[in-house]
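Q: I have a structure I would like to understand better, so I am pasting it below and will then ask my questions one at a time.
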Amino acid sequence: MNTNQRIITIGTICLIVGIISLLLQIGNIISLWISHSIQTREKNHPEVCNQSVITYENNTWVNQTYVNISNANIVAGQGVTSIILAGNSPLCPISGWAIYSKDNSIRIGSKGDIFVMREPFISCSHLECRTFFLTQGALLNDKHSNGTVKDRSPYRTLMSCPIGEAPSPYNSRFESVAWSASACHDGMGWLTIGISGPDNGAVAVLKYNGIITDTIKSWRNKILRTQESECVCINGSCFTIMTDGPSNGQASYKIFKMEKGRIIKSIELDAPNYHYEECSCYPDTGKVVCVCRDNWHASNRPWVSFDQNLNYQIGYICSGVFGDNPRSNDGKGNCGPVLSNGANGVKGFSFRYGNGVWIGRTKSISSRSGFEMIWDPNGWTETDSSFSMKQDIIASTDWSGYSGSFVQHPELTGMDCIRPCFWVELIRGQPKESTIWTSGSSISFCGVNSGTANWSWPDGADLPFTIDK
């Protein structure tokens with residue numbers, strides 16, 4: 001074979017090998033395309049599984065969570081039945097108070113991402129209890145915590161988290177922009193009330209299930225403010241009290257009735273020489289009872305009770321066991337304001353039982369420190385200072401602060417009565433301690449008709465923090 005023949009032979013072999021390789025590549029592409037088409041058709045026609053479809057009526061929501069596990073769509077259905085919280089039951093008979101929650105937020109905040117906050121309160125639906133609180137738009141041990149002793153700023157927001165958990169950006173839910181607030185559940189949805197804006201023109205924004213439903217404009221242009229604790233819902237209607245006017249003189253007080261977040265009725269109290277601020281309200285046998293703060297001139301606490309048509313009665317707790325702070329030493333009470341050492345005050349609460357009353361108060365008569373519960377069997381109507389029981393909550397050497405009431409409805413507890421509960425704010429930082437910030441943690445207790453403990457459950461944080469040094 002000569003040279004030209006060898007060249008032609010080699011070229012022919014290379015051409016044949018190239019053609020075979022090209023055909024193999026084309027076949028590989030066709031195979032991949034067919035395989036992809038088969039997979040696509042399988043995804044577009046998933047295997048049908050046996051599913052039960054349950055239809056709920058009467059204002060019921062069904063929450064469905066889709067969880068992707070190994071490319072399999074699994075539907076986890078959770079039915080949540082809504083009801084109307086009746087609020088028609090009486091308060092449960094109790095003999096003392098059992099510790100219910102403690103969030104330790106200041107202790108945890110020395111190292112964790114915890115909100116700077118104050119004015120915490122608790123409210124329960126028929127399914128859960130949540131802690132609500134007013135943040136300062138800052139975290140503990142961070143530079144933005146500086147100057148958070150200020151009550152009203154555009155950075156304050158109402159948020160909530162599960163009860164007993166330290167409030168952080170990771171477990172908290174935004175509710176409203178607010179420096180004064182209230183919230184409650186009617187069995188069908190959460191109502192939140194958040195007040196924000198300038199002192200001479202603040203506005204309360206009402207939300208129902210997170211949607212704005214109504215607003216209330218300041219009517220006296222002197223720091224519109226509300227409860228800093230839960231509102232009250234009875235038979236689908238919810239009730240709150242707001243104050244507008246001086247903190248050290250006669251102001252204006254209004255009761256609002258709301259349904260699904262919309263105001264349907266309001267009245268202004270005819271209450272000369274009374275001062276109502278930061279009311280702690282609860283339902284009792286279809287009516288609302290509120291025990292409030294007199295920041296003007298009383299050592300004892302004013303109250304207002306009203307029915308669902310807003311027919312109301314007013315008074316002061318008569319007992320000589322005084323509940324405000326600062327206050328006079330216990331002595332002769334009055335069913336009107338006890339004027340001795342009555343200027344200024346602190347948010348607080350009491351529970352009425354017929355002629356008797358459970359009074360929650362600081363142990364100190366001059367500073368927000370210590371806390372105790374006192375049972376005065378005739379203190380709602382009589383003026384003596386005798387009482388039959390005292391339960392220690394916070395030692396007099398530890399800081400306390402605001403306190404307020406909340407309840408657990410029979411729809412939550414399964415009991416045939418409304419369980420009374422209360423929370424105590426444990427304020428730390430400015431103005432009493434050497435920090436750049438002011439914040440608080442909280443504890444809560446619920447009434448029981450069984451054994452309880454006398455002890456102290458303080459905040460317990462070791463101050464100052466790194467940011468303060």
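The backbone N, Cα and C atoms fix where each Cβ goes, and this holds for glycine too.
Look at Swiss-Prot and you will find 7-27 tagged as transmembrane segment, backed by sequence analysis. Residues or ranges marked as region 'Involved in apical transport and lipid raft association' in Swiss-Prot: 11-33. What Swiss-Prot records for N50, N58, N63, N68, N146, N235, N454 is N-linked glycosylation site. Per Swiss-Prot, disulfide bond is recorded for C92-C417, C124-C129, C184-C231, C233-C238, C279-C292, C281-C290, C318-C335, C421-C446. Feature annotation from Swiss-Prot assigns active site, nucleophile to Y402; the stated evidence is sequence analysis.
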Q: In the structure shown, which of the disulfide-bonded residues C290, C318 has the fewest other Cβ atoms within 10 Å?
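A: Relative to the other disulfide-bonded residues in C290, C318, C318 has the fewest Cβ atoms within 10 Å.
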Q: How long is the line from the C-alpha of N454 (N-linked glycosylation site) to the C-alpha of C446 (disulfide bond), rounded to the nearest angstrom?
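A: The separation of the Cα atoms works out to 14 Å.
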Q: Looking only at the region 'Involved in apical transport and lipid raft association' (11-33), report the model's average pLDDT.
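A: Mean model confidence (pLDDT) across the region 'Involved in apical transport and lipid raft association' (11-33) is 75.
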Q: Which one, from the disulfide-bonded residues C233, C238, C281, C417, C421, has the smallest tally of other C-beta atoms lying within 10 Å of its C-beta?
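A: Checked C233, C238, C281, C417, C421; of these disulfide-bonded residues, fewest Cβ neighbours within 10 Å: C417.
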Q: What are the DSSP helix, strand and coil residue counts for the region 'Involved in apical transport and lipid raft association' (11-33)?
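A: Computed counts for the region 'Involved in apical transport and lipid raft association' (11-33) are 23 helix, 0 strand, 0 coil.
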Q: Please determine which of the disulfide-bonded residues listed here (C129, C231) has the lowest count of neighbouring CB atoms within 10 Å.
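A: If we count Cβ atoms within 10 Å for the disulfide-bonded residues C129, C231, the smallest count is at C129.
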Q: For C233 (disulfide bond), find which of the disulfide-bonded residues C184, C279, C292, C335, C421 come within 10 Å, Cα to Cα.
A: C184
Q: Taking each of the recorded positions C184, C292, C335, Y402, C446 in turn and counting other Cβ atoms within 10 Å of its Cβ, which one has the fewest?
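A: It is C335 that, of the recorded positions C184, C292, C335, Y402, C446, has the fewest other Cβ atoms within 10 Å.
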Q: Find the shortest Cα-Cα separation between C421 (disulfide bond) and the disulfide-bonded residues C184, C231, C281, C290, and name the residue that gives it.
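A: Minimum Cα distance from C421 (disulfide bond) across C184, C231, C281, C290 lands on C281.
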Q: How long is the line from the C-alpha of N235 (N-linked glycosylation site) to the C-alpha of C292 (disulfide bond), rounded to the nearest angstrom?
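A: N235 (N-linked glycosylation site) and C292 (disulfide bond) have their Cα atoms 24 Å apart.
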Q: I want to verify one value. Collapsing DSSP to three states, which class is C290 (disulfide bond)?
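A: C290 (disulfide bond) sits in a strand per DSSP.
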Q: Return the single residue from the glycosylation sites list (N146, N235, N454) that has the minimum number of other CB atoms within 10 Å.
A: N454
Q: Give the sequence-ordered list of residues that share a chain with C279 (disulfide bond), lie 6 or more positions from it, and have CB atoms under 8 Å from its CB.
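A: In sequence order, Q227, S229, I241, C290, V291, C292, R293, V304 meet the Cβ cut-off.
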